[in-house]
Amino acid sequence: MAISIKTSEDIEKMRVAGRLAAEVLEMIEPYIKPGVTTGELDRICNDYIVNEQHAISACLGYHGYPKSVCISINEVVCHGIPDDAKHLKDGDIVNIDVTVIKDEFHGDTSKMFIVGKPTILGERLCRVTQESLYLGIKMVKPGIRLRTIGAAIQKYAEGEGFSVVREYCGHGIGRGFHEEPQVLHYDADDGGVVLQPGMTFTIEPMLNAGDYRIRTMKDGWTVKTKDRSLSAQYEHTIVVTENGCEILTLRKDDTIPAIITHDE
């Protein structure tokens with residue numbers, strides 16, 4: 001497994017790409033309201049990426065994906081395709097997943113939005129999913145096994161009564177959208193990967209309110225929970241530092257510091 005170690009110049013470019021991706025999620029928030037279509041949200045994001053940020057949407061055309069962002073509602077786990085016929089409604093939980101390319105480097109991030117008045121379950125699932133991401137990020141430092149992080153996320157999520165999707169995971173990122181290693185959010189063989197300074201990857205747990213099993217729709221992209229239960233996901237791109245990590249896609253609404261250090 002060839003895991004690339006980024007140079008300081010690479011990391012600086014990834015800070016820029018990561019900041020741009022985060023800014024898309026900050027920009028779109030006021031538009032998330034009952035009645036808006038996911039197609040309209042996609043166009044707003046694309047216009048902002050192309051015309052304001054002078055960047056590229058990594059999703060558009062990736063393996064034939066037809067839109068600029070992924071918008072996944074309620075029981076949709078990931079890769080929901082924006083559609084002018086799909087209107088948001090009160091109580092929906094919505095994930096928007098954005099990946100921006102700037103100067104050849106990628107920034108990848110997603111967050112949950114709650115439309116109008118939240119349901120108790122929807123709000124709790126979103127909160128626990130974000131907390132599981134933060135838990136994983138706070139563990140990142142040189143010398144730790146990736147498997148340790150996945151096991152901790154799984155234990156926390158299941159302790160809260162939720163399940164962790166198995167088929168999708170975090171990934172290395174840089175010049176490539178998806179690089180080595182795979183970052184699993186549950187306890188499984190990680191190929192012995194030990195973190196080193198300069199590694200860049202995403203952590204992006206997907207938690208279901210019901211069973212962890214999923215199914216892919218006929219469009220070949222949209223993934224839903226098999227039991228139709230709600231699903232939530234949060235994602236950040238991070239870099240391993242000499243004594244911890246730095247979040248490259250931090251937003252103003254995040255409640256975790258950008259730089260996390262361990263003083264052992």
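Glycine too: its Cβ is placed from the backbone N, Cα and C atoms.
Worth saying up front: this structure is predicted, and the values here are computed from it rather than measured.
In sequence order, His171, Gly172 are the residues near His178 (substrate binding site), counting only same-chain partners six or more apart with C-beta under 8 A. The substrate binding site annotation in Swiss-Prot covers His79, His178 and is backed by sequence analysis.
Packing around Asp97 (divalent metal cation 1 binding site) is summarised by its Cβ count: 21 other Cβ atoms lie within 10 angstroms of its Cβ, all protein chains included. The divalent metal cation 1 binding site annotation in Swiss-Prot covers Asp97, Asp108, Glu235.
In three-state terms derived from DSSP, Glu235 (divalent metal cation 1 binding site) belongs to an extended strand segment. Note on Glu235 (divalent metal cation 1 binding site): other Cβ atoms within 10 Å of its Cβ, all shown chains, come to 22. Per Swiss-Prot, the feature divalent metal cation 2 binding site maps to Asp108, His171, Glu204, Glu235; the stated evidence is sequence analysis.
Long-range Cβ neighbours of His79 (substrate binding site) (same chain, at least 6 residues apart, Cβ-Cβ under 8 Å): Tyr65, Cys70, Ser72, Trp221, Thr222, Val223. Counting in whole angstrom, Glu204 (divalent metal cation 2 binding site) lies 10 from Asp108 (divalent metal cation 1 binding site) by their C-alpha atoms. Each of the binding-site residues Asp108, Glu204 was scored by how many other Cβ atoms lie within 10 Å of its Cβ, and the smallest score goes to Glu204. Taking the mean position of the Cβ atoms of Asp108, His171, Glu204, Glu235 as the divalent metal cation 2 site, the remaining same-chain residues with a Cβ inside 8 Å of that point are Asp97, Thr109, Ser110, Gly170, Ile173, Val183, Phe201, Thr202, Ile203, His236, Thr237. His171 (divalent metal cation 2 binding site) is surrounded by 19 other CB atoms, counting those within 10 A of its CB over all protein chains shown.
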